[in-house]
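Q: As annotated in TrEMBL:
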- A:28-54: transmembrane segment (TRANSMEM)
- A:87-112: transmembrane segment (TRANSMEM)
- A:88-305: domain 'ABC transmembrane type-1' (DOMAIN)
- A:124-147: transmembrane segment (TRANSMEM)
- A:153-174: transmembrane segment (TRANSMEM)
- A:186-208: transmembrane segment (TRANSMEM)
- A:228-250: transmembrane segment (TRANSMEM)
- A:284-304: transmembrane segment (TRANSMEM)
Amino acid sequence: MTSPTPAILPERGLADRLTALFWRHPRLLLAVLLTPPLLWLGVVYLGSLFALLLQSFYSIDEFSGVVKEEFTLKTYAELFRAQNLDIIIRTLVMSAAVTIGCALIAFPIAYYAARFARGKWKAVFYLGVMLPLWSSYLVKVYAWKLILAKEGIITWAAEGVGLSMILNAILAIPGIGGNSLSTSPLGTFIVFVYVWLPYMILPMQAALERVPTSMLEASADLGASRAQTFRTVILPLAMPGVIAGSIFTFSLTMGDYIIPQIVGTSARFIGLAVYQLQGTAGNIPLAAAFAVVPIVIMLIYLTIAKRKGAFDAL
Amino acid sequence: MHSDRASLGLKIAAVGGLLFLHLPILLIFLYAFTTEDKSYQFPPPGLTTEWFGVAWNREDIWPPLYLSLWVATIATFLAMILGTLVSAAMARASFFGREQISLLIILPIALPGVITGMSLRSAFSIMDIPFSTWTIILGHATFCIVIVYNNAVARFRRLSGGILEASADLGANSFQTFRYVLLPNLGTALLAGGMLAFALSFDEVIVTTFTAGQQSTLPIWMLQELVRPRQRPVTNVVAIVVFTATFVPILIAYYLTRGGSETAGAGK
C-alpha cells in the first residue's frame, strides 16, 4: 500500500523557501519589488532635482566665472532684472496663447471622436491623434520649418489663390509678424499649437466620453435647445478635461527650447535661456534658477487644477 | 429632440483638425525627393532619389545613428525591468506612500524636459561626473519607466488575482508562477511598453542635449542641421529615417494592445 501524498509538499530548494517567505511576509515581496525602481527614481531623479535646487542657491563669480558654492539668494534676485523678467513674461504669454489655441482646435476633434465616431471611425480618430502624438518631435518641427519658409508651401498657396495681400498684412502686424512666417512669433505659435495639440485632444475626449447620453436627453426633455445643452451641460462637464489638457500644453510650451530656436525670432524663452546659460555662458546657477520658475508655476497651476477636479480626467 | 447626427460644421472642424495633424508630416516625404538643395522651395522644381544615396555615404550620420540605437536599446531594457517591478508592486497592494510613488513615477514626464535635463546636468556638475553614453542612458531610462509602467499596470489590473492563487494551489512557487503564468499574460503589454519606450528614447532631444556633452545622437545631429543647415536634402532623408524608426514601433504597440481597455499610447 502506498502512503498518501502529504498535504504539504516538501520544499524543493531555494525558490520554494523564498516563496514561502514571501507568502508569510507579503511586505517583504513588496519591498523586493519596489526597491530597485525607487532607488533609481529616488537617487537619479529626486537627487537631480535636489541638485538643481542646490545649484540655484549658488552664484557665479562675475570676474572668474567660477561657481561659488555658498548659499545665496543673489541668483534668484537676478531673475527680476528687466531682461530676465521679459523672458519669463514672454514665455507665460506664449504658453497661455498656445493653450487657448490648442483648446479651440482640439474641441471639435475630441467632441466628434467622443460623441459621434463609431466603429471604424473611432479607430481612425484614435490612431489619428495617437500617431502624431508619438511620432518624432523633431521631424514635426522640421516639417513646419519647410511649410513656413518664405519660399515654402504657404507662400505658394497664398499666391496661388491670390491671398498674398492678407499674408503680408498679417506679417506686417508688429509683435506677431516678421520677415516671413518662419521668423515670426506667429510662426512659433503655430508650431507650438501643432506639436502639443494631441496632448489637449486626449484628456478632452476622455472627459467628453464620460458625459452620459441620458443627461443630454434629460436636458432636451426639459426644453433646452442644442445650443443650451451644449453650453450648460456639455461644456461644464468637459471642463476638467480641458484643464487636464491645458496642464500639458502650458507646461510643455513653458519648458520647450527647440521650437523657438528653429522657428521664430531670436527672442528668448525660459527653456532657451536655461539651455544657453548652462551651455555657452557656463552660468549653471542662473540656469538652475530659471528652471525652478516653471516648476513653481506648474505647482501653482496643478494646485488650482486639482481643486477643479481635473485629475479625474487624466 | 436630441439628435444624434453631427452637424456639418462639426464634421468639417473635426476632419480638418485631423488633416492638420497629418499633412505636415507627409510633406517631409515629398521634400526628400526634391532637386532643390539651397532652400525649402515649394513646389519642388524636380524630383530625384539621389539624396538617399548621398545620405547613405555620409560618414557623419552613422555614428549618431548607432549611438541612438544603442542608447534606446539599453534605456528600454532598464525601463522594462524597473517599470515591470514597480507596476507589479503598485497593481496588487495598497500601502503607505502609494500615491507619492505614483507621483514620483509620473514626474519625469509631467515636468518639462528642460527641467529633467537641467536637473541631471546640475547633478553631474556637482558630482563631477563626466558626460558619457551612460549619462544619456541614465536620463532616458528615467523617463521611459513611466511608459512601461502605464502599459504594464493596466494589464495587471485586468488580470484576475485568481490565476496567481490557482498557480500557487497547484504547487508552483513564485518564480514558476512568474515564468509560466504572469509573463505570458503580461507579454504583449510589456512589449508594447517597450516599443513605445524605444520610440520615445530614439527621438528624444531635449533631455539629451543636457546629458550628452559633446556626443551626438541622431536627433542631436538633426537639431544641429536645423539650426545651421549644411545639406538640406540629406536632413530630409534623415528625418524620414527618424520618423520611420519611431512610427513602426508605435504601430506595433497599437496592434499588440488594441481592443483591450488599455490600448497603448493614450498617455505620453
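Using N, Cα and C of the backbone, Cβ positions are placed for all residues, glycine too.
Automated prediction, rather than curation, is the source of TrEMBL annotations.
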Q: For the transmembrane segment (A:28-54), which stretch among A:87-112, A:124-147, A:186-208, A:284-304 has the most Cβ pairs under 8 A?
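A: Most Cβ pairs under 8 Å with the transmembrane segment (A:28-54) come from A:284-304.
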Q: Let me check one thing: do the transmembrane segment (A:228-250) and the transmembrane segment (A:87-112) come into contact, meaning three or more Cβ pairs under 8 Å with sequence separation of at least 6?
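A: These two segments touch.
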Q: Using Cβ atoms and a strict cutoff of less than 8 Å, what residues sit near the transmembrane segment (A:284-304) while being 6 or more residues removed from its termini?
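A: 52-53, 55-60, 67, 75-76, 78-79, 84, 87-88, 92, 247, 250-251, 254-255, 270, 273-275, 277-278.
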